[in-house]
């Protein structure tokens, strides 16, 4: 099953040409999840030929403009496109009021059901679940209430190994095995008890993606994202501006790498680059010196987990 | 003195790659006036190397998103840039509440004075004036309260013709003439009375730009924009969709041209093109058949009046 992330924006708040504010698209099977929605996100989705109509849920980390100002326009376009499927927005309290005030004065009545799920940005809690993913908040430390999100694939079923199955199993017995249950002995056919584990290959563990939005370097996060296959962590600054990072409640590339190291993740993506850095090679070098398996979350990058 | 318009966006509400929603920059002398501010306008200004800090006033025509969703981000960026000069926003009532609600939840306190001037979109009235321009509303007929704006240069002074001036005029006498006054006879020097008109070339009449935002075709507008040097009029559709234009309170290219013809303007710019039209040659042909001096308001176009 597909588990793929695309970076739609790599910039921090001050705009620059060629970089756009934070937005990411996570594809898990048929599910499409938008993570943050900076100004212009709908054009990024168009450029990358992603159908806006496929979006299922939008997760917003915090109410700084570079993380949600694209939401107004995106919702308007979904309405113009005639969307009827419900849409869920998960984000910090207050976002609903901002959206409602705007929609009221536009004279727009969305043709689809828009549900808002306010989250406690200071908790690590399950906030969304469907047949494909479970999503929990990750508390960030920023200048306004802010959280990241941990996306965890729903557990996959162990695969039955045909060659290990005894002959003559009924459809009901096969179904039980497929669902992970052991079979008791069957006196009618004389078949002995059959352990699920003996006839199946264990499924790969659920894949996990941790999105760590704007935050002061917070070592305690390592515990919450331990072993994630993919970690995105902001790296607004380089170490040379470590103090500035702390003042503005942001992180450096080295700090992002330290967290990746402590958490033992598979791959680290760094992003949310300050516009003062025209080149990003120093960011990559600084992070890779600590955590070699680091990549830059550049515009349009696709990472398949 | 400079009197120059730049088109920053030519699209209507449904986004498409390569076209952006409505925004225009009018430069009159040192004054910089932004007219509408669709999503992404700050990136357009950056691309065209226009300094955001030079903006003096922002005029918004109506509260459909494709005309103002870039305002949130632009204001945030001006704040990040450390702006201290006051900024004026002129637009329909309700915009202030939308902006205030958003700013409150972003935890942002702008470092500059932001003043909002609500306008009566059904009136033709003076709503802004400085040393360079006078701006009046132009009532539009759209699905929500909506107005265009008429920009009129402040009258320029007649220019004195050196060769026509008698010798021996005092600085005070020269100043009086320059300000447009006649001089009475001067018995002390024996100079006869001197008419301002006899020693000056009349200034060119003030240049005028009429911005007609989203509107149902409204022939009565011709009276209000009569003789404008430059008229921008939306042309969302072609005549083949004249009924659709009326239903959605928009205009066709032919209707824009009919208005330009009736008003006897100098140059007509048409824009706000529906995304269904990938090519715009038909728009241009349809309008030029009625009003030959028509141009397409394409992305980045600069028109000096």
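Each residue, glycine too, has its Cβ placed from N, Cα and C.
So that you can see what the record holds, here are the features copied from TrEMBL:
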type	residues	note
ACT_SITE	B:66	active site, proton acceptor
BINDING	B:62, B:64, B:142, B:214	Zn(2+) 1 binding site
BINDING	B:66, B:67, B:214, B:272	Zn(2+) 2 binding site
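Structure with TrEMBL features highlighted.
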{"residue": "B:62", "record": "Zn(2+) 1 binding site", "DSSP class": "strand"}
{"residue": "B:67", "record": "Zn(2+) 2 binding site", "DSSP class": "helix"}
{"residue": "B:142", "record": "Zn(2+) 1 binding site", "DSSP class": "coil"}
{"residue": "B:214", "record": "Zn(2+) 1 binding site", "DSSP class": "coil"}
{"residue": "B:272", "record": "Zn(2+) 2 binding site", "DSSP class": "coil"}
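On its own chain, residue B:66 (active site, proton acceptor) has B:11, B:12, B:13, B:21, B:22, B:38, B:39 as residues at least 6 apart in sequence with a Cβ closer than 8 Å to its own Cβ.
Less than 8 angstroms from a Cβ of chain A: among the binding-site residues B:62, B:64, B:67, B:142, B:272, that describes B:64. The binding-site residues close to residue B:272 (Zn(2+) 2 binding site), defined as a CA atom within 10 A of its CA, are B:214 out of B:62, B:64, B:142, B:214. The Cβ centroid of B:62, B:64, B:142, B:214 marks the Zn(2+) 1 site; residues of that chain outside this set whose Cβ lies within 8 Å of it are B:61, B:63, B:67, B:140, B:143, B:144, B:146, B:213, B:215, B:249, given in sequence order. A gap of 13 Å separates the Cα atoms of residue B:142 (Zn(2+) 1 binding site) and residue B:67 (Zn(2+) 2 binding site). The number of other Cβ atoms within 10 Å of the Cβ belonging to residue B:62 (Zn(2+) 1 binding site), over all protein chains shown, comes to 27. Apart from the site residues B:66, B:67, B:214, B:272, the chain places the Cβ of B:12, B:13, B:21, B:22, B:36, B:38, B:61, B:62, B:64, B:213, B:234 no farther than 8 Å from the centroid of the site's Cβ atoms, the recorded Zn(2+) 2 location. Residue B:214 (Zn(2+) 1 binding site) sits 9 Å from residue B:67 (Zn(2+) 2 binding site), taking the CA atoms of both as reference points.
Of all the binding-site residues listed here (B:64, B:67, B:142, B:272), the one with the fewest other CB atoms within 10 A of its own CB is B:142. Here the Cβ of residue B:214 (Zn(2+) 1 binding site) has 27 other Cβ atoms within 10 Å, regardless of which shown protein chain they belong to.
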